[in-house]
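Features reported for this protein in TrEMBL:
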- 3-505: domain 'Suppressor of forked' (DOMAIN)
- 266-299: repeat 'TPR' (REPEAT)
- 644-669: compositional bias 'Polar residues' (COMPBIAS)
- 644-753: region 'Disordered' (REGION)
- 682-697: compositional bias 'Basic and acidic residues' (COMPBIAS)
- 732-753: compositional bias 'Polar residues' (COMPBIAS)
Amino acid sequence: MADTYNIEAAEILANEALRLTISEAVPIYEQLLATFPTAARYWKQYVEAHMAANDDDATKQIFSRCLLTCLQIPLWRCYIRYIRKVNEKKGVEGQEETRKAFDFMLSYVGADVASGPVWMEYITFLKSMPAQTTQEESQRMTAVRKAYQKAIVTPTQHAEQLWKDYENFENSVSRTLAKGLLSDYQPKYNSARAVYRERKKYIDEIDWNVLAVPPSGSYKEELQWLAWKRLLAFEKGNPQRIDSASSNKRIVFTYEQCLMYLYHYPDMWYDYATWHAKSGSVDSAIKVFHRALKALPDSEMLKYAYAELEESRGAIQPAKKVYESLLGDGVNATPLSHIQYIRFLRRTEGVEAARKYFVDARKSPNCTYHVYIAYATMAFCLDKDPKIAHNVFEAGLKRFMHEPGYILEYADFLSRLNDDRNIRALFERALSSLPPEESVEVWKRFTQFEQTYGDLASMLKVEQRRKEALSRTEEESQSPLDISLQDVVSRYSFMDLWPCSSKDLDHLARQEWLSKNINKKVERSTLADGAAVVDKASSGLLNNSNSSAKVVYPDTSRMVIYDPRQKSGPSGPGVPAVSSTLTGPSAVAPVAGGTPNAPNEFLKATPPALLAFLASLPTVEGPSPDVDFVLSICLQSNIPTAQIGKSVNPSKQLQTGPAPSTSDLSGSSKPHPVPSGSSFKTTRDRQSGKKRDRNGQDDDDTATVQSQPLPRDMFKIRQLQKARGAVARGAVSQTGSTSYGSAFSGELSGSTG
């Protein structure tokens, strides 16, 4: 499918066809158009090649194949050029044929927003038609006036130019008549221009150069689908407030253009056909379904929708043909097609026809237990014949005793009959033949049945048998803790009513998980350097934790212990360096069952742009700093700009002005280096330091403004700027340290050390 609809390969073929002769290019064009039957640019390229070869028969045949399904202005203008070329030497007869071709074209694509040049070309052609008599001149003026009046009420991008030309035309004919006509059409023109502006917003969201391919679920395809949906909703709202016939014509045109690009979307075909049916045009809806099934012959959804439409209007034979097409030769028929055909026959031809077909369907190799259940249910619910239904279930039991789904449906049917004895017999027969791993749901239903129909002794007996049978599916026998309060909760709950709180349910779920894994052996392996101890059985415990829906445990076997000594190159343990990322081995040492190639597998799945970004990041050893805090330091620091080519002496830099202190946030003002392995204080520590400063508990606290994060409040930012200015103008001590006060409190301290 992907190779068939390869757009790049299609473009290469189309470009190659341009360089070939028409006889050599025909097979390529036919191949392209068989894959992309609504690609207007390929049709245009194909027909232009025949026009260049002066092959009129082939040209006409191609136009007849593509014009009505490809409502695109460039293709239709190519058609009108061909018609004018053919009829230019035929005199009056040729001009009449050309005029009819213009009318034909405008009836299909005249509503396009890009049809302005077509209207102008048509009007110019009408003006050029010869008029020998006064009557012919009057007819020509009337034809030109009608063309102008249609053009100016059509929302196109050339509406303003057409209106100006129409004004000039009417004024050149009769100023007195022009005043009345222009005043009548001025509101219609204004409405068309306003609608064009609104419509353009929706049209600009559509990519008009894409080819029609089956949906793959990509984001771009979803955007296109949404854009077409919005445009269709806009057109269905009749924004121009025109008559219903004109509005419906506009909607049909939009649907036809939409299906040029969403040709393989069954929902758009169904939407189009349904709109026709709701508008009262069932025949048009049927034609749409015919086209849809030609475009998507394997779509069962569209076939059922089409058969439903035919059946709803009383056309039984066409609907029956659709169902028979779903069945095919019967060998490859799906169980669903058998079921739906039985139901159709029951609705249209009666009970006997449905029974007869069911007897034949039983012999099909693709007949599953679903067909038996569907027919038995139909006989019981529609025909009110429980005996027939019971016989069908019994017949199916001989073939599908190994299917838990069939057993459960048969049990439901017997429950409706209130036949508890046969239900018990059914469960006993089924559980004696089903393997333990496939009997979980049957045991569960058997337990629920005994809770409803049985007494306490039978309930307890079935539950005990269930535990014994299902214990064989586990690696080890169940522990004594498995007999817990959970069984009581199961017996005495009803629908959404529970004999305990949700907290108790969570507690019982955890207890159930622990009871299942209490006998698991834990193997411990110690690293050579004593860095960590890893539980190898944790991944096995994780697989058995499905019984507790709300408890999620990590897979500790895939965890990696951080240790700088395990580094095998310049890259850090988190993000590999450029060399190790692209060529070298990973710097991460696997620990206790971890995957050695996990970083490489991650890098393989990483997009190229993100991989390039990760490769350019600096390596970080140890805990990473608080990014917001570092940025606030950089933003608030007065970093001197050094000239290019000149080095800056650090001692001179200290003498020229106050340097920002690197004090920690606990309140100490003494500068000291920050070790590479240490981390910055948290926000809570900074807040506690500020509280101590406000209460006067640390008198020697001289935290600088640079040590505070950048405030978000505009008033506080202004205070910070004022503080900078005051320090720049103030005196500086010999040591070069100055106390600014708190940037958040807005208080400035003038003391210098």
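From the backbone N, Cα and C atoms, a Cβ is placed for every residue, glycine too.
Within the chain carrying the repeat 'TPR' (266-299), a Cβ under 8 angstroms from the stretch's Cβ atoms is held by residues 37, 228, 232, 236, 248, 251, 255, 258-259, 305-306, 309-310, 313, all 6 or more beyond its ends. DSSP states for the repeat 'TPR' (266-299), grouped as helix (H, G, I), strand (E, B) and coil, give 27 helix, 0 strand, 7 coil. Confidence across the domain 'Suppressor of forked' (3-505), taken as the mean pLDDT and rounded to a whole number, stands at 91.
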